[in-house]
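K.L.:
Structure provided below as structure tokens; questions to follow.
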Amino acid sequence: QMVRGKALARCGLVLLSLWLCIQSVPISVDKTKEKAHEEELGPPQSTGLHYDRYLREVIEYLEKDPHFKEKLKNANMDDIKQGKLSKELDFVHHNFRTKLDELKREEMSRLRMLLKAKNDIQEGNVDHQALLRQFEHLNHMNPDTFEVEDLDRLIKSATKDLENFDKDRHDEFRRYEMMKEHERRERLKNMNEEDRKKEEQHYEEMKKKHADHPKVNHPGSEDQLKEVWQEADGLDPEYFDPKTFFKMHDSNGDGFFDETELEALFTKELEKVYNPENEEDDMVEMEEERLRMREHVMNEVDTNKDRLVSMSEFMAATKKEEFFEKDEWETLDQNSFYTEEELKEYEQHLANEENDINKKSVELQKQREELEKKQEELNAQRMGLQQAVEEMERLKAQSTKAEVKRKYRIAKIVV
């Protein structure tokens, strides 16, 4: 499963959209249950970052401080990125600062255990630069107290890491596709000529079947939104109103489309191409398609790059030429994710990994045999020692018996 998070914009705090990732929306959405589902979501979901728990706990305690929460509400993105918000930490209540100190000490302890475990596993062959990057979200030179620099580092690290999150998902998907093709070719190698031809024919048939779908509208276009207006909302497309549409689909009512709310708008388009019941449709590819659609709309609409779409940004987008785009959206089956050369490099990488594993396996087998041999030697030594002890006990017993007899004879002579 590809890594998933969830966008969150609670309490009207726009900042949090930078800190929380997206979680894909199910392809079938029951509108009658949508609100109830949102109310049951509870705390923010995982961002996928290795310091996710620390990040969410710090946010939770900072939001409890009235002064900081007010500053957070009024802060703009530039202030946050430039570290101006971090300086407000000096005015956070002592009780919350004490708790933040505790959270940092716990995080430092976790990181130390992580580094020790990696060092033990890799037997000292550790990439120290990579390990140091594990500490970028805090000031490890001061392991005891949570200071302004710690908050500044946390914000900058989370912002940078989440901005790279989509790229990482694309890279992961690309590796998934290459692995899928690699495994398919390996299966073909192990077939006879007749079975190979049948399999190739079936493969081509599935590709054609998958590509045979209704027109997919451009994400964020008038046609695409009108289709949601008609099919999902049950309204007449002749009376489509962008402002009303925005308010209807701003499910948490905060005045913004976060990434989850935006992706929910693509469900109808995705259903045209993907069906979990169909052999030819890959649900992993569906999630990649969803991500591509969301990125496309965000690039065109999210002008201030805060990972949210405001009402004003949305309305401005409906007046652009792109909004009236009539061309069909190019789906994944119309795009190539890798070249043949890249696939060969990936297969060579897999072969190298397999060779490394085999070498390690041979080394471990040798170590096991050596340990077994040493164990046998120890067992033999133990047995020899046991026999020596028994022999000493026997001789001691004989000596004691002879001494008793000697003393008895002496006593008898004396008497």
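From the backbone N, Cα and C atoms, a Cβ is placed for every residue, glycine too.
Not my notes, these are from TrEMBL:
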- 1-24: signal peptide (SIGNAL)
- 184-207: compositional bias 'Basic and acidic residues' (COMPBIAS)
- 184-221: region 'Disordered' (REGION)
- 237-272: domain 'EF-hand' (DOMAIN)
- 343-405: coiled coil (COILED)
K.L.:
Which bits of the chain, at least 6 residues beyond where the compositional bias 'Basic and acidic residues' (184-207) starts or stops, bring a Cβ under 8 A of a Cβ in it?
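P.N.:
That would be 279-280, 333.
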K.L.:
Sort the residues of the compositional bias 'Basic and acidic residues' (184-207) into helix, strand and coil with DSSP and give the three counts.
P.N.:
21 helix, 0 strand, 3 coil
K.L.:
Looking only at the coiled coil (343-405), what is the model's average confidence as pLDDT?
P.N.:
89
K.L.:
So how many of the residues in the domain 'EF-hand' (237-272) end up helix, strand or coil by DSSP?
P.N.:
23 helix, 2 strand, 11 coil
